[in-house]
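A short write-up of the structure that comes next.
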Amino acid sequence: MSPPPFLKTREEYQKLVDSVDTFLLDCDGVIYHGPKVVPGVKIVLDMFREQGKKIIFVTNNGTKSRRKLKETFDKLGLGATIEECFGSAYASAVYLAEVMKLPKDKKVYVVGEEGLEEELDSFGIQHCGGSDPEDRNFKPPIVWEDFKPDSSVGAVLCAFDSWINYKKMAKAMTYLRNNEECVLIQTNTDPTFPTHGSLYPGSGSLSIGIVNSSKRTPLVIGKPNKHMMDAILAHHKFDPSKALMVGDNLLTDIEFGLNSDIRTLLVMGGVTPRDQIYGENPSKTVPTFVMESFGDLAVLADKE
């Protein structure tokens, strides 16, 4: 398979943009790196909005609600509407409420943070665990009597959790192993995430202990799984043939586009080394296009 074209010129940028009505944008590594906006990105977003193009921020970040995602963009001076924000926390709540149709008398045990709980609340889904101090503030010795089966727990939902601990893992495992109808759901399986100039353990790495100990195959909502796209298309009507998924990660962003039959654009400077695309042993996951930075499209805002 031949390598994908690396876009460099104004003409190549313009041809691509003209062919796209909907931009699906990853956040970390594309829009910003930690607290810093990628140069040129604000100009690009403003330009697309002026042109009437649809923008959807698609992130596997399971710690932030759509409201919090919007606040992040506002603080960075990028501006965003709630409708433009689509995270794996919101997509998971959509799945539980509208696809799985979790019964009202069932609750979700959360291995995650407040943003995930906020999205569950927005759908009226009962939950426990999560930010509850009883589970969050764990210190040895272990009280084994705390780990009891609970038939009212209909799902265990795992996301990034800065307070992951043995008590949360043991409770989750107990609910799953003692109730075959209890479903294991992960917002995403990202092994790492980029921030502050480096990579750190991601949601998938934190929840692997629950997956292994429960001996369950999790249902994964976020990228690269099509569940995420199904949720997006249920709330945003657009023509997939005129959409473009932009990301910096081959295994999540680009695979997501491929699994959803949408063209993809890989930007460098994130988690994907250049030699995975143009090296002697390139990845089998091949994006439609590659460019150095999404912010480079800002050149199109300049009048010739």
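Using N, Cα and C of the backbone, Cβ positions are placed for all residues, glycine too.
Taken from TrEMBL, the feature active site, nucleophile applies to Asp26. According to TrEMBL, the Mg(2+) binding site annotation covers Asp26, Asp28, Asp248. If you look up TrEMBL, you'll see Asp28 marked as active site, proton donor. The substrate binding site annotation in TrEMBL covers Lys223.
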Under a criterion of Cβ-Cβ distance under 8 Å and sequence separation of at least 6, what residues of the same chain contact the residue listed as 'substrate binding site'? Asp26, Val58, Asn60, Ser88, Asn188, Gly247, Thr252, Asp253, Glu255, Phe256
Out of Asp26, Asp28, the listed recorded positions, fewest other Cβ atoms within 10 Å surround the Cβ of Asp28
Around the Cβ of Asp248 (Mg(2+) binding site), other Cβ atoms within 10 Å, all chains included, total 24
Can you list, in sequence order, the residues of the same chain other than Asp26, Asp28, Asp248 whose CB lies within 8 Å of the CB centroid of the Mg(2+) site? Cys27, Gly29, Val30, Ile31, Thr59, Pro194, Gly247, Asn249, Asp253, Val267, Gly270, Val271
